[in-house]
Amino acid sequence: MWCLHCNSERTQSLLELELDSGVEGEAPSSETGTSLDSPSAYHQGPLVPGSSLSPDHYEHTSVGAYGLYAGPGPQQRTRRPRLQHSTSVLRKQAEEEAIKRSRSLSESYELSSDLQDKQVEMLERKYGGRLVTRHAARTIQTAFRQYQMNKNFERLRSSMSENRMSRRIVLSNMRMQFSFEGPEKVHSSYFEGKQVSVTNDGSQLGALVPSECGDLSDPALKSPAPSSDFADAITELEDAFSRQVKSLAESIDDALNCRSLHSEEVPASDTARARDTEPKPGLHGMDHRKLDEMTASYSDVTLYIDEEELSPPLPLSQAGDRPSSTESDLRLRSGGAAQDYWALAHKEDKADTDTSCRSTPSLERPEPRLRVEHLPLLTIEPPSDSSVELSDRSDRSSLKRQSAYERSLGGQQGSPKHGPHGGPPKGLPREEPELRPRPPRPLESHLAINGSANRQSKSESDYSDGDNDSINSTSNSNDTINCSSESSSRDSLREQTLSKQTYHKETRNSWDSPAFSNDVIRKRHYRIGLNLFNKKPEKGIQYLIERGFVPDTPVGVAHFLLQRKGLSRQMIGEFLGNRQKQFNRDVLDCVVDEMDFSAMELDEALRKFQAHIRVQGEAQKVERLIEAFSQRYCVCNPGVVRQFRNPDTIFILAFAIILLNTDMYSPNVKPERKMKLEDFVKNLRGVDDGEDIPRETLIGIYERIRKRELKTNEDHVSQVQKVEKLIVGKKPIGSLHHGLGCVLSLPHRRLVCYCRLFEVPDPNKPQKLGLHQREIFLFNDLLVVTKIFQKKKNSVTYSFRQSFSLYGMQVLLFENQYYPNGIRLTSAVPGADIKVLINFNAPNPQDRKKFTDDLRESVAEVQEMEKHRIESELEKQKGVVRPSMSQCSSLKKESGNGTLSRACLDDSYASGEGLKRSALSSSLRDLSEAGKRGRRSSAGSLESNVEFQPFQPPQPPVLCS
């Protein structure tokens, strides 16, 4: 449970963890505050004669036993208890400061998995054992989240005057040219391509939205007209909106095509400004006024304004000498948007700078930032009631947007990072690779039954990057990768590559280093990125962007989240629900833009949305996800929105549906306490600006939810949960390495393969054929050994035997007269003694080869992840630069088959030996014997709740591999 994973050094109670981390609206505890055991908190003001604590009162007080007062005054105190309580206050303050200090240190340093598991174990030991603590944590978490959801729902109901949904819909969807405000709030618009955005109180934000075309506002638009003048012309107003938007796409295309004919004639330094403000000599029949009108319309359409903040976009003056075409124009715009996310506010003052080549791997940027047109290009939805027309336009817009962003990434993937400012490389020929929108490739499932595995060679292209499905992640295909060559300057690229460890899409023949030509390494890095995402989404996205697996634009990340397998849908929701980071909010907007909710009931549209994104967790994140969904639903169904007085009603109703689904299908809610139809209707009374939602609508929603739960589609965690249910029987609890007592299914854990082997207690003694049969479940970080417990016609159950962490594991082969297909697993953690974990014998050589290949690759993946974690911490705390690709090439050569030699591991960890040992606290080193460098063998994982049973095999025979 998340509430048990506390990184503080001082263990705390579960209630402390919950209250300190999650309770909203509660003032944080003051460091100078009084203690809980100090009665009446002591009057902290100056003592006056009239005060109950004035010295006059002390003359009449008598001290009783233990310093308690015996006088008549209930508020009178003696001096001695005051000193005692003051000492208690100071002690409490010191403890609180220690807790805060340890929390700040733990947040800045990422502990290894075994240290995190050790912290959880210590909490469990302190508060009554594993079962008691986990049950308490689960109860607290469920109750607190339900309380927060209910409180947020009541807050949203009571604050309808805020009109947050109306404001966001009008501002962020100006491309619709359609206002959901009432007749009394609609103001004049300049229909010839210009638009006036209106706030909730009727005041104008500006006569024209600031855009690239400069200030084209009309003085007549500065003052709003009386609302009575427009109350009689609403129909005409909406018709004008519709006509304008229907012709908007064609006007934009014509304008772009005409501008692209003579884009080379405009000086590079003035390209962006001239494109929007100056007429071109070859516009053939298009006068200046019409061009300005269409330019203003185009700017209004593509500009995204959030929370009523209007800021001018960054000047796009880095046009360069690129081919004059519509594609170049799109690249310029999308490149500027990408630059806004990844640049650290550096100004480019050179004409030959290509903004689309910038790819700084930081997912965060300073808060004082300018908001530019970072929403997808050409996302135009007309306000037509026809769902067919809207769906068709939405699909075409999505294709245009995807193509534009993929073109803008051509230079980014082929150019490595440059210097501290991430400046683009100079002197590189700008070649446009042919990137086509490609539907997601169906991924093969890989479940090796009895050691057999079905593999298929995969040829990767674009951003597929050896993506694995939820079961198989170790397809070791060495086929040639179809990559696009971004530059012909190999020497400059290789020189830049040495300064930053990353992946660049180059043809196989253009690299001399075998690390780049090894498809196994490439796929391993991709899986590591998935694992990091499933642990910490922001860190995983940054890792994948750094290595070129994911475009560094909101649209590219949105496509990755929707199309790729191996991502936890729970973590997708965590990433998209993050309100603190602008990039996450933009990715969420792009994700919902890819979904079409036209002609769908609200609950069915919400079902489609939740199928891709798990809507649960903290109430604030759930609110953010539902808000984005409601916005998109209003865009896709303007006819439905007209039925309500306020678009906020859609948001409130969607939030109520989530509460209904949680209440109806939560196992913690008793059947007699589940929400009834009348309760559901009662909760939604008066939410539509004082009016009730039609009862028939609410009844239909309630019945559909009652018949069918809102569920999230299966991911790789679903299969791990199925395996967890199959493992039954006694699971010993109480030792350091627990059994499968509670949780095996975690967001980052996926099933690699399953096979049948035979355990060998003594390799020097024969045993009967088929004796000690074991069913092996190999996960990406754990090896679980089970035995068949019961067989039925349609199901098999397994009893748990042993489990081993893959970190520090070595896979060896042995053969003798008794066991021709022997497999030996040893612990090879640096600095620790080599320990034989277990011996197996495979039924045949083919099964042995397939199992050992998968196991070695999984071990190498775990080793690489731990190495990446240590390097990241060294960079963060000590400023140590990661080793270059050339320095790591020898290590990666050895780890290509999944086996790292003992000396290689020692060398990799000895690089930071000059630093403090605390800086490399990557393990339970401090808990092992004194004088030993390295970490002791963590033969089980607390995180997976697996029992480790000590096994002492006899002396191993001579290995012959």
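Glycine too: its Cβ is placed from the backbone N, Cα and C atoms.
Checked against Swiss-Prot, the residues S38, S513, S666 yield a single entry marked phosphoserine: S513. Feature annotation from Swiss-Prot across S159, S510, S937 places phosphoserine at S510. What Swiss-Prot records as phosphoserine, among S104, S188, S911, S918, is residue S104. From S247, S297, S944, the position flagged in Swiss-Prot as phosphoserine is S247. For S88 (phosphoserine), the number of other Cβ atoms no farther than 10 Å from its own Cβ, over all displayed protein chains, is 15. A helical conformation is recorded for S88 (phosphoserine) in the three-state DSSP classification. Mean pLDDT, taken over the domain 'SEC7' (515-708), works out to 91 on the 0 to 100 scale.
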